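Listed in TrEMBL:
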{"type": "REGION", "residues": "1-22", "note": "region 'Disordered'"}
{"type": "COMPBIAS", "residues": "1-13", "note": "compositional bias 'Polar residues'"}
{"type": "DOMAIN", "residues": "25-107", "note": "domain 'PTS EIIB type-1'"}
{"type": "ACT_SITE", "residues": "47", "note": "active site, phosphocysteine intermediate"}
{"type": "DOMAIN", "residues": "126-480", "note": "domain 'PTS EIIC type-1'"}
{"type": "TRANSMEM", "residues": "135-157", "note": "transmembrane segment"}
{"type": "TRANSMEM", "residues": "163-185", "note": "transmembrane segment"}
{"type": "TRANSMEM", "residues": "197-224", "note": "transmembrane segment"}
{"type": "TRANSMEM", "residues": "230-249", "note": "transmembrane segment"}
{"type": "TRANSMEM", "residues": "261-283", "note": "transmembrane segment"}
{"type": "TRANSMEM", "residues": "289-316", "note": "transmembrane segment"}
{"type": "TRANSMEM", "residues": "406-427", "note": "transmembrane segment"}
{"type": "TRANSMEM", "residues": "447-469", "note": "transmembrane segment"}
{"type": "DOMAIN", "residues": "513-617", "note": "domain 'PTS EIIA type-1'"}
């Protein structure tokens, strides 16, 4: 096998990093390539679980390939935006992504830049998400801090007269009072205009002298027009409209203003024109928009009552999977500001978030699939703490009965918190760590009912998923690669050797048997199995089922001769624990079950279960390893190219 060994540096990739669980750099590189490359990215942002790309041309996105990319849990397209669901590792992947290009991370280009199908609803949602999503950490942090202070005061552990209490409540109140300033910054970022000028405009609307002027007895007038007495502190829509208007003034002025005076003249026009228009028109208009939105939602709640919370909780899994839930964020933020609480979206989210977590933990306890168990445990914990995308994309959407469990338990939990009229006082993802968001200084039972709703949701979802979920066989699993439909597809498929096992792929050099590690029998890869089932790695013919049943050789349709040797020294078992499902000369299809074996029994007897997959006629092929770490049956392990 020296000829094969001599090609190691040129043709075969063998260096698999041991215990490398998450290759953030590779995921970032693959994602960027599949959304059309650096030049196609107008803007990239991230939220708690997703990369959000605004693209110049959405037709360049390869959504099918994105969904199959390692580290990607799902893909959502909405207007000019492509959302790539990463899960809890989104920050690490985002950081690697920023190293790969010079696109404007977190900054939007002109609204007209994106090409492709433009849906007005998708575009509006994209702008709303871009404006409100960055506000969540500040609002949530401040809200929870204030709720904790109220809780400590209620329990008698701190007095409202304490300096420490006043300092901490002060910073929490500031984040909410100066919300227009923060909204101005995010709006300016989204509309690509001067951020500091936008911030100054919003700050002017809540300046003490302006507030005093608007509150003048008898009213204040500007050029004969009466100014409405509105307290703009904590308001979001007046600031949004003002900054949007300012962005048009800025673009218009930049077209004709001489460069020598542009640095001060354009901002002066923005202030001189923008602020009076804001006080006369845009401020009152924005205030009324916010009030109308809250009124409509509350009318829905008053009409359907507790049923509205239950229904919303039940449909949230579907809304989140399509990104539609973000449309409720502006309402939630506005409602927390005025009237000061929210009774629909946040209570419903509590029931849903906890249901996602409980359902995943139920699956983790029930499944025998080690990879699914690891995913379900991680996603379940995230769900319990208010981050649902890992659970939704990693488990729920993959299994119908788990989805049924989540929908049912969300409805049940939502029904209870709706009946109890639970109120939220912070705009954030409800979960175990954020229960203080339900502290009501006027109703001590509010947080109690929220906690009971939490328990109901987690118990119901855990029980339902545990009893309804059943493991699927790999042959039924959607991860199995379908048979190619054309001759070209068939040739490509035959040149790929897929994993015959579920487990962890390692380099052949790491096998603790020199016959394999030194490639005496041939070149290839090895898998440490996690399940006692061996599947056909390609279409072909079984050449031999060894008499001791511990190994199978086959010849693929591409001419590769494969040896699959289950464990080290397992020949000594003389067939004990091995149950072949095929015979010599039998034609098999990729994914067909070849062998069942007693994995636990083999381990218990002290055998190393590492299974080499070796191309014994390796001198006829150029071989490239394409897998590392966790693999499932059907996942590509090796690429073969016939030597000419």
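Here the Cβ of each residue, glycine as well, is placed from N, Cα and C on the backbone.
Shown for the domain 'PTS EIIA type-1' (513-617): DSSP residue counts in helix, strand and coil, namely 14 helix, 42 strand, 49 coil.
Listed by sequence, the residues of this chain that lie at least six past the ends of the transmembrane segment (163-185) yet keep a Cβ under 8 A from its Cβ atoms are 131, 135, 138-139, 141-143, 145-146, 149, 152-153, 195, 198-199, 201-203, 205-206, 232-236, 238-240, 242-243, 333, 336-337.
Using the rule of three or more Cβ pairs under 8 Å, pairs at least 6 apart in sequence, the transmembrane segment (197-224) is not in contact with the transmembrane segment (406-427).
Confidence for the domain 'PTS EIIC type-1' (126-480), expressed as mean pLDDT, is 85.
With DSSP states grouped into helix (H, G, I), strand (E, B) and coil, the domain 'PTS EIIB type-1' (25-107) comes out at 30 helix, 25 strand, 28 coil. Sequence-remote contacts of a segment are chain residues at least 6 beyond its ends whose Cβ falls under 8 Å from one of its Cβ atoms, and for the transmembrane segment (289-316) they are 235-237, 325, 330-331, 334-335, 337-339, 343-345, 347-349, 351-352, 355, 407-408, 410-415, 417-419, 421. By the count of Cβ pairs under 8 Å, the stretch nearest in packing to the transmembrane segment (261-283) among 135-157, 230-249, 406-427 is 230-249. Sequence-distant contacts of the transmembrane segment (135-157) (same chain, six or more residues past either end, CB-CB distance under 8 Å): 47, 165, 168-169, 171-176, 179, 182-183, 186, 329, 333, 336, 425-429, 434, 436-439, 441, 444, 447.
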